[in-house]
Amino acid sequence: MYVSDLALNDFRSYRELVLGLEPGVSAFVGQNGQGKTNLVEAIAYLSTFSSHRVAADAALVRQGTDGAVVRAKVVHGDRPTMVELEIVAGKANRARLNRAPTRTREVLGVVRSVLFAPEDLELVKGDPTQRRRFLDELVVLLSPRLAGVKAEYDKVVRQRGALLKSAGAVRRRGGRPDLSTLDVWDGQLAAAGAQLVTARTQLVRRLRPHVADAYEQVSAGQGAARIDYRANIDVSDSVPDPTAEQLADEGAAGAAAREGVEARETALLDTAAVQERLVAAMGRLREKEIERGVCLVGPHRDDLVLSLGTFPAKGFASHGESWSYALALRLASYEVLREDDGSPWGRDGEPVLILDDVFAELDSRRRQRLAAMVAGAQQVLITAAVPEDVPETLAGARFDVHDGEVTRA
Ligand SMILES: Nc1ncnc2c1ncn2[C@@H]1O[C@H](COP(=O)(O)OP(=O)(O)O)[C@@H](O)[C@H]1O
Ligand SMILES: [Mg+2]
């Protein structure tokens, strides 16, 4: 798919913008603070309903106004679709599909994009929250139905957490908390949580070979990247996960470690079994949960483990390696979406690839490799401070961005 038209009203620094786009490469060039990222952020927002830069939508609405509108015409094959989102600070978004008002969830999955930005270094160096978010955004893009499951799960974790906290407070005052509702919450957490665990595990399996390939290409064969989903499902009695070093061992011990990991991963694909294990784990940990006042069990505490050869990437990878890893995760997402034919758009699930200010950060070798890898994509949007930052092999349309004005060069 590609975006053929973009219109913004009061989005970030743009009062009003109307822009025509074509398939292939488009580069947006301009000094810092001119509105390049704001522009591509708007397109990414249509696909994930969130920004890679801020947690709250309020920052997306132009200062001094009440709401922003992002509108795009996207083309799947030769079929155009009009998508519109109205972002009202502090309220739910309003959506339109082909000009008719609709529920926002109907719009999820229509625009597919993969954005790679300097912030993605946090995927490798940051805490597990970033990596869970990476997985969940992709899970939802692949099956929009799961957006509801995720929202339900987040709500249950919040409310169950509040209940645990107040039960702990009652107990500390010497009282006996009423725990009858907790069982109901346990069941709901396990039901939604198990679906998330299974979906994330399936996704990790799909991503894994592409991450390894992309990393190898970006780094010119310097290291083997491997991703694993780590579920904290049997927290109280789990055997420790094998280390990356044990997994890379070439002898019998390594083979056994890999087999164990494989078996545990396969077990996570059985939603009903995961649900039971979550309920059982909550049963075992109830006292501890009440004492601490937090939900200790469930996919909100899981992680995506990134290894590089025999090392975990976090804490060990150099700056350049971390960059390559983050890039490999995004390129792998792109490949998974591209090969996905489960979308209502059939085989044209190919996402728009957005590279925000990344070429300047890469050394010339990685730059050339990335350019070669993305040259064949249906639509690539690049932002850069100076034209020299855009590799020559990625010739295409160029737009100058200055003070919120976008003009075709
Ligand atoms: N909600 C907002 N309202 C008005 N201006 C905003 C808003 N959010 C960001 N900006 C402005 O947008 C500019 C940054 O634009 P950005 O697209 O990040 O620049 P760059 O071209 O460097 O990528 C800043 O000048 C910032 O003040
Ligand atoms: Mg920028």
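A Cβ is built for glycine as well, from the same backbone N, Cα and C atoms used for every other residue.
What TrEMBL lists as domain 'RecF/RecN/SMC N-terminal' is 2-385.
Feature annotation from TrEMBL assigns ATP binding site to Gly30, Gln31, Asn32, Gly33, Gln34, Gly35, Lys36, Thr37. There are 21 other Cβ atoms within 10 Å of the Cβ belonging to Gln34 (ATP binding site).
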Using the centroid of the Cβ atoms of Gly30, Gln31, Asn32, Gly33, Gln34, Gly35, Lys36, Thr37 as reference, list every other same-chain residue with Cβ within 8 Å of it (recorded ATP site), in sequence order.
-> Thr383, Ala385, Val401
Other C-beta atoms that fall within 10 angstroms of the C-beta of Gln31 (ATP binding site) | 11
Around the Cβ of Gly35 (ATP binding site), other Cβ atoms within 10 Å, all chains included, total 22
Binding-site residues near ligand 2 among Gln31, Gly33, Gln34, Thr37 (Cβ under 6 Å) | Thr37
Ligand 1: which of the binding-site residues Gln31, Gly33, Gln34, Gly35, Lys36, Thr37 have a Cβ closer than 6 angstroms to it?
-> Gly33, Gln34, Gly35, Lys36, Thr37
Could you find out if DSSP has Gln31 (ATP binding site) as helix, strand or coil?
-> coil
Rank the binding-site residues Gly30, Gly33 by the number of other Cβ atoms within 10 Å of each Cβ, and give the residue at the low end.
-> Gly33
